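> These came from Swiss-Prot, pasted as-is:
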{"type": "SIGNAL", "residues": "1-31", "note": "signal peptide"}
{"type": "TRANSMEM", "residues": "64-84", "note": "transmembrane segment"}
{"type": "TRANSMEM", "residues": "94-114", "note": "transmembrane segment"}
{"type": "TRANSMEM", "residues": "119-139", "note": "transmembrane segment"}
{"type": "TRANSMEM", "residues": "152-172", "note": "transmembrane segment"}
{"type": "TRANSMEM", "residues": "193-213", "note": "transmembrane segment"}
{"type": "TRANSMEM", "residues": "246-266", "note": "transmembrane segment"}
{"type": "TRANSMEM", "residues": "280-300", "note": "transmembrane segment"}
{"type": "TRANSMEM", "residues": "303-323", "note": "transmembrane segment"}
Amino acid sequence: MICKKASSKWIVLVCLIFILLTAVCASVVYGYTGTSWRQVYQAFTSFNGTNEHVIIKDVRLPRALVATVVGASLAAAGALMQALTKNPLASPGIFGINAGAGFFIVAGSFFLHIQSPQALVWSSFLGAAFTAAIVYAAGSLGREGLTPIKLTLAGAAMAAMFSSLTQGLLSVNELELAQVLFWLTGSVQGRSLDLLMTMFPYAAAALVICFFLGQKINLLVMGEDVAKGLGQKTGLLKFVMALCVVMLAGSAVAIAGPISFIGIIIPHFARFVVGNDYRWVLPFSAVLGAILLVCADIGARYIIMPQEVPVGVMTAIIGMPVFVYIARRGAKL
């Protein structure tokens, strides 16, 4: 733990928020079409309809905001899952929640011809909730009850199954294959503010709720018996935490597709900075997750310019070595 005093944690958090704002501004400025900081300022103060101004306001700004919200949502969901399951490798991606949400979106589009953003968000929520329930039930089977290793294995099985089913549906409808495949790799390109505003209320509500649960989560992590002895309603708390995970992961997948590794690695960085106090781990995870995804999106524009790498590929490149390190180190919550 780097920051031991509350004052130092506040200072670091404010600095991280400033870094996030800087990264968002950089995301609006830099890309294939050359623009300057001056043009960005003019686009918001004296918009004149030029190509650069349109790109800044209608393409890059929504993209930066989407990356911010999605990164914060996935990181906070990962921190909640690691506390809920007592598994340092837990995340919406590893437990199959992202894959389940993605499958329900593709299935809804294929069978029910769902097109509206609101319907896509609810399809994603339904898939995330269904997958979470199945993984939890499968992980609870056997004499030992719920264990981290069984949860991980059940999640991996569900992720593989839903990924296979999704690919099967896409192979039948080849006309939409290219666009949907780009979405399934995880991307914030081409997302509109209207789509963001459709999912933002759910993600914002879940973030606010989980921030207020920090102290209760601290007691739960100490042990369920300890939490019950201190008057904690552990069943209700777990339900609310699971609901927040579904809302955060479901809304993120609905707008950006299944982006992996943010939910795994970011909570560990947050705990490295502020320790195991979830009053701080959750907000730090949200800000760090937003920073990572915004910066990864900027990098994705330059690797094979003029083409773009899906940001999900960038997070996988960054996250895989960290994931292996965490697994070998046997990180503790």
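One-based numbering along the chain as shown.
Cβ atoms here come from the backbone N, Cα and C positions, even for glycine.
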> Which listed range (64-84, 119-139, 152-172, 193-213, 246-266) shows the maximal number of Cβ pairs under 8 Å with respect to the transmembrane segment (280-300)?
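The listed stretch sharing the most Cβ pairs with the transmembrane segment (280-300) is 64-84.
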> Restricting to the same chain and to residues at least six past its boundaries, which positions have a Cβ under 8 Å from a Cβ of the transmembrane segment (193-213)?
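For the transmembrane segment (193-213), the list is 61-62, 65-66, 69, 72-73, 76, 80, 117-118, 121, 125, 237, 240-241, 243-244, 247-248, 250-252, 254-255, 278, 282-283, 286.
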> Taking contact to mean three or more C-beta pairs under 8 angstroms, with sequence separation of 6 or more, is the transmembrane segment (152-172) in contact with the transmembrane segment (94-114)?
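Yes, the stretches contact each other.
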> So what's near the transmembrane segment (64-84) in sequence-distant terms, Cβ-Cβ under 8 Å and 6+ beyond its ends?
20, 24, 27-28, 90-92, 95, 188, 191, 193, 195-196, 199-200, 203, 206-207, 210, 217, 220-221, 238, 241-242, 244-245, 248-249, 251-252, 255-256, 259, 262-264, 266-267, 270, 278, 281-282, 285-294, 296-297, 311, 333
> For the transmembrane segment (119-139), could you work out the same-chain residues 6 or more beyond its ends whose Cβ comes under 8 Å from its Cβ atoms?
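That would be 92, 95-105, 107-109, 146-147, 150-151, 153-155, 157-158, 162, 198-199, 202, 242, 245-247, 249-251, 253-255.
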